[in-house]
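As annotated by Swiss-Prot, transmembrane segment applies to 22-44, 59-81, 88-107, 112-134, 146-165, 175-197, 253-275, 290-312, 319-338, 342-364, 385-407, 412-434, with the evidence given as sequence analysis.
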Amino acid sequence: MTQRLELQKLLNAAPVGARQWRVIICCFLVVMLDGFDTAAIGFIAPDIRSHWQLTAGDLAPLFGAGLLGLTAGALLCGPLSDRFGRKRVIEFCVALFGLFSLLSAFAPDLQMLVFLRFLTGLGLGGAMPNTITMTSEYLPARRRGALVTLMFCGFTLGSAFGGVVSAQLVPLIGWHGILVLGGVLPLILAVALVPLLPESPRWQIRRQLPQATIARTVGAITGERYNDTHFWLDEPAAGAKGSISQLFAGRQLAITLMLWVVFFMSLLIIYLLSSWMPTLLNHRGIDLQHASWVTAAFQIGGTFGALLLGVLMDRFNPYRVLALSYGLGAVCIVMIGLSENGLWLMALAIFGTGIGISGSQVGLNALTATLYPTQSRATGVSWSNAVGRCGAIVGSLSGGVMMAMNFSFDTLFFVIAVPAVVSAVMLILLTLAVRNPTSVPAALPSAGIVNK
């Protein structure tokens, strides 16, 4: 007699095993290399500027092109992942950004480098959201928030590592060598992912793959053998309209739009600080080596904040936790501007900003994965990240604009604090929106993040 097993209930009843930790580690390494690239470009920018005798304004297209590619990659690869699978898309995207990062090292001029940074961004933008989706779909409800944020700490650690390593190695190997390093490592990882990274069992069920294939995938997670078993998902079947339209179906529209505002504002801050902080500090007379350590405090704070918020989000109302965190982040941003004459006080304020802003962004990614069902989850996460990348483009460009307008140091950071306040307000409104049971799809009952 065929037994029927609901996948999420099965995952919830089992401990987190070796197969799930393998997925977490693989995805951790992917986002770590993404973080490395994000930070490295900010630290090699002064060397590129000197190499081609550019102005600060000339660097804006370099930052903007990569972020435009990130946006396009997220928009394209979310629906592709929902159709062709998480594993294939992640592997392809990692190989893509590795290849074009390597080619960027040999760009003959700024125009070609800008073009290659756009192509690098396509791979980066497609990989990151799908790692969130993949990790989320492998985990039991009780551990999902904490473990997805743990996985995404790879981004903040990669950013901290990329900044410090770039600052130390640029005098030795130049900006070309940093881009070679940033290209070779993803290519090695892409090859390793082929045998190491399994496919999502939720995607396999939703795409109606043979039950024997699903049984092997699930058996590798639980350590059990499943003969004559039918696996199913306790969520609505995919509709005819496709995964994109489901983001805006009924009252889901309000939740999607509010999420997008938070993503836009949050990544605006993160990329503005990541791209321009070394230049801003250098402009204040701080040498690049010291600037790298001070800027690394932002990413280290983000790692600490992500781990802390992941635990708090699993225990308390996640929307309120993130709203409070963004509010505290806004206060710390203001403190950066008020501490321009005290390097250690500035580093402490930047560390606090990392906790409140970068840490919250990691938590926001984990939260978003719970708000959409399997058939539209990768699209929902990817499109939210794509909107966030639009904010990142605005942030990376606005840093140069504010410097050109000769904003004072404290005024500049007062302006940067405004998006953090907006994010906090939107999350408070999201708390009200998700109280309505008709607002959220059936992904929430099995989500690892609950309202209290």
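Using the three backbone atoms N, Cα and C, a Cβ is placed for every residue, glycine included.
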Out of 59-81, 88-107, 253-275, 290-312, 385-407, which stretch has the largest tally of CB pairs under 8 angstroms to the transmembrane segment (342-364)?
290-312
Out of 59-81, 146-165, 175-197, 253-275, which stretch has the largest tally of CB pairs under 8 angstroms to the transmembrane segment (22-44)?
146-165
State, in range form, which of 88-107, 146-165, 253-275, 290-312 has the highest count of Cβ pairs under 8 Å to the transmembrane segment (59-81).
88-107
Sequence-remote contacts (6 or more beyond its ends) of the transmembrane segment (319-338), Cβ cut-off under 8 Å?
266, 269, 305, 309, 312-313, 345-346, 349-350, 352-353, 355-357, 359-360, 363-364, 367, 409-414, 416-418, 420-421, 423-425, 427-428, 430-431, 434, 451
With contact taken as 3 or more Cβ pairs under 8 angstroms (pairs 6 or more apart in sequence), are the transmembrane segment (146-165) and the transmembrane segment (290-312) in contact?
yes
With Cβ-Cβ distances below 8 Å as the criterion, list the same-chain residues six or more beyond the ends of the transmembrane segment (412-434) that contact it, or say none.
251, 254-255, 258-259, 261-262, 264-266, 268-269, 272-273, 280, 317, 319-320, 322-324, 326-327, 329-331, 333-334, 336-338, 356-357, 360, 371, 391, 402, 440, 444, 451
